[in-house]
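Heads up, the thing below is written out as structure tokens.
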């Protein structure tokens, strides 16, 4: 069973939440980005994640980052979808990653000053905000020949930094539930892929990764 087809299976068991958290963002078939996604899936299938994240020869870096950002959004969406019933206003009244890290939400437009909110509320804000960025053709152009904006890299970095926080919350607050659902291998593979990708292109500041630093070092050492 390939890693990608397992993402489909993760929502089929009746014991878990059967909804994905937000609508899946599809890359249009026949587009160059779709071909890039297929390339990524093929190299991921080989099992070498370090190689799978590398920029394919002759490809545009922005486009490669865009395709992978959409893919990580879909993966995290599904992973969080499997544990939403355990992540409630009561159980997770603040958005945290262990006792030392708490996240407050701001998007710079609707909510300018960071607000303290529950994890489900924070993740709802976050996923809605990411979806809006991905759907914006001026930021994430899907048509061939349409250039990426000058601020694309900083937007992508902010998206990935925030998506990391969902992984961090799941690992710190819900890993028992993930294990009960027998999803830990899927979560670990997805997170390892994500970390190798952001490390390859230096997309998230090391300080932001601190809540899962031990796990990141463990995943990296296994792959050397």
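Just so it is clear, glycine is given a Cβ too, placed from its N, Cα and C backbone atoms.
Curation does not apply to TrEMBL; its annotations are automatic.
According to TrEMBL:
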type: BINDING; residues: 87, 92, 169, 174; note: Zn(2+) binding site
Residues lining the Zn(2+) site besides 87, 92, 169, 174 (CB within 8 A of their CB center) are 83, 86, 91, 119, 120, 123, 170, 173
Residues near residue 87 (Zn(2+) binding site) by Cβ (under 8 Å) yet at least 6 apart in sequence within the same chain, in sequence order, are 80, 119, 120, 123, 169, 173, 174
Neighbouring CB atoms within 10 angstroms of the CB of residue 92 (Zn(2+) binding site), all protein chains considered, total 19
The number of other Cβ atoms within 10 Å of the Cβ of residue 169 (Zn(2+) binding site), counted over all protein chains shown, is 24
